Amino acid sequence: MGPMIRGDRDKDTICAISTPHGVGGISVIRVSGPQTLNIVSKICQFLPAHPESHKVYFGNLKNSQTGDEIDEVLATYFKEGRSFTGEEVIEISCHGSPLICQTILNQLVNLGARPADRGEFTFRAFMNGKLDLVQAESVLSLIESQSQQAAKLALRQLKGTLSHKLEEIEDDMTWILAHAEASIDFSTEGIEVIEENVIQVRLKKIEAGLKELVATFKVGRLLKDGFRIVLTGLPNVGKSSLLNLFLEDERAIVTDIPGTTRDVIHGDTTFEGVKFTFVDTAGLRDEATDLVERIGIQKSYEAQNESDVVFFVYDIEKGLGAEELQILESLDPAKTYILANKTDKIGGSKPLETVEKTLKNSKFFQKLADPAAFFTRRVFFVSALDKKVRSEVLKDLVKEFADLQVENTVLISNARHFENLTRALENTQRSQSVVAQGLGAEFLALEFKEALIAIHETLGKRFDDQIMDRVFKEFCIGK
């Protein structure tokens, strides 16, 4: 895709299929631009000369040259200023035959429309002030959402919850910069425009707001992309059986032979509206001599590094021995859960004290930030034969990471937003230091202007080709 900022090309009338490609009951072809009605009325002659906005018209779509009927369609008209793009738009609902869709597109192009680029409809909505850049990105997030919570988060951002929060911060930033610039202008006259303590109060307010948003990125990303959970441990401890239990599907082969799992096995599921990707890996053992198994073990370590959560699984009958402790000590405690499996073989007992006592002298225990909380929240006694395990473990996992409710919370889930807001936070903190050291309004304005630029780039009030390409290249054609 070429640069999104194209001058005269943005005045073209564009067209594309907005529904997924392939055979279906219906397809929707979207047309947007100054010549929309003029072009579409030549193949949809049933449209009146002055159609009503948001009204649906029914009729036969015909070849503009021969008059042959192509399809029976519905044409929905949107007046300029009242459409998604802000331009005059007509959406043609036709039967979902790829042949019919392509025939209609060919007719539109022959009459002067241009095939739309990726994300060009949303780009035009942004350029015409119908959406800011955060909202434009949320359109893509909503389209790609794979769980209820991800869809809720994207919809809230589309409605402007994050944008409104950023605009509040922007207002405070603008106030500080305006007073800093005024202080520079009046400095020669010895007039103090605003006291330093007032500036510091505003800066602290901005810092608090930015910190709050930046801190939500981990939860926001988990809501958007889901949890990636890796099952790890020695061979033949029941990892594959647990994978099948969590996925509610016989995805992995289960045998009593150690080393059955040679490759990384993935599977997705949802629980309480949150997406989970489970990854089963080869059992970890030093004495593996088979080349394929050794490669599988290497992939196991790679999967652990890329995960959000690691479920360390061990056989409760055998207990936590030297090999188990060696694996545990290689894991990051911040994302590790212990699953003591095969409790059905010991009568369903849950010897938490034994686990705690065994781990107390380990390097893993020494790395725990809060040992008491870890043993209370992150040690599960499970059996792959018990279907209740799935809900018990996942419910606690969701509860610990966050009360993942997005209705009343402003979250960020986009890496670009996180980068920009982190930059704005750092500039704000440096600005506080400038004021504290009494370096003057010139240095404050110079430093703090960068913080405001970061907010403007997030909202799309300041942009260039590189930013636009980064945002809109992910869109499909037709959106």
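Here the Cβ of each residue, glycine as well, is placed from N, Cα and C on the backbone.
The annotation (6S)-5-formyl-5,6,7,8-tetrahydrofolate binding site is assigned in Swiss-Prot to ARG30, GLU91, LYS130, LYS479. Among the features that Swiss-Prot reports, domain 'TrmE-type G' is placed at 226-402. Summarising the annotation, Swiss-Prot assigns GTP binding site to 236-241, 255-261, 280-283 and lists sequence analysis as the type of evidence. Annotation source Swiss-Prot lists K(+) binding site at ASN236, THR255, ILE257, THR260, citing sequence analysis. Per Swiss-Prot, Mg(2+) binding site is recorded for SER240, THR261, and the stated evidence type is sequence analysis.
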Notebook entry, point to check: Secondary structure at ASN236 (GTP binding site) (DSSP, helix/strand/coil)?
Noted result: coil
Item checked: CB contacts for GLU91 ((6S)-5-formyl-5,6,7,8-tetrahydrofolate binding site) [other CB atoms within 10 A, all chains] -> 19
Notebook entry, point to check: Looking at the binding-site residues ARG30, LYS130, which one has the fewest other Cβ atoms within 10 Å of its own Cβ?
Noted result: LYS130
Check: According to DSSP, which kind of secondary structure is ARG30 ((6S)-5-formyl-5,6,7,8-tetrahydrofolate binding site) found in, if we only use helix, strand and coil?
Finding: strand
Item checked: Residue among binding-site residues ASN236, SER240 with least C-beta crowding, 10 angstrom cut-off -> ASN236
Notebook entry, point to check: Could you state the CA-to-CA distance between ARG30 ((6S)-5-formyl-5,6,7,8-tetrahydrofolate binding site) and ASN236 (GTP binding site) to the nearest Å?
Noted result: 55
Checklist line | Cα separation, GLU91 ((6S)-5-formyl-5,6,7,8-tetrahydrofolate binding site) to LYS239 (GTP binding site) (Å, whole number) | finding: 50
Next item on the list: Report, in whole Å, the straight Cα-to-Cα distance of SER240 (Mg(2+) binding site) from GLU91 ((6S)-5-formyl-5,6,7,8-tetrahydrofolate binding site).
Entry: 49
Check: What's the CA-CA gap between LYS130 ((6S)-5-formyl-5,6,7,8-tetrahydrofolate binding site) and SER240 (Mg(2+) binding site) in angstrom, rounded?
Finding: 49
Next item on the list: Starting from the Cβ of LYS239 (GTP binding site), draw a 10 Å sphere and report how many other Cβ atoms land inside it.
Entry: 33
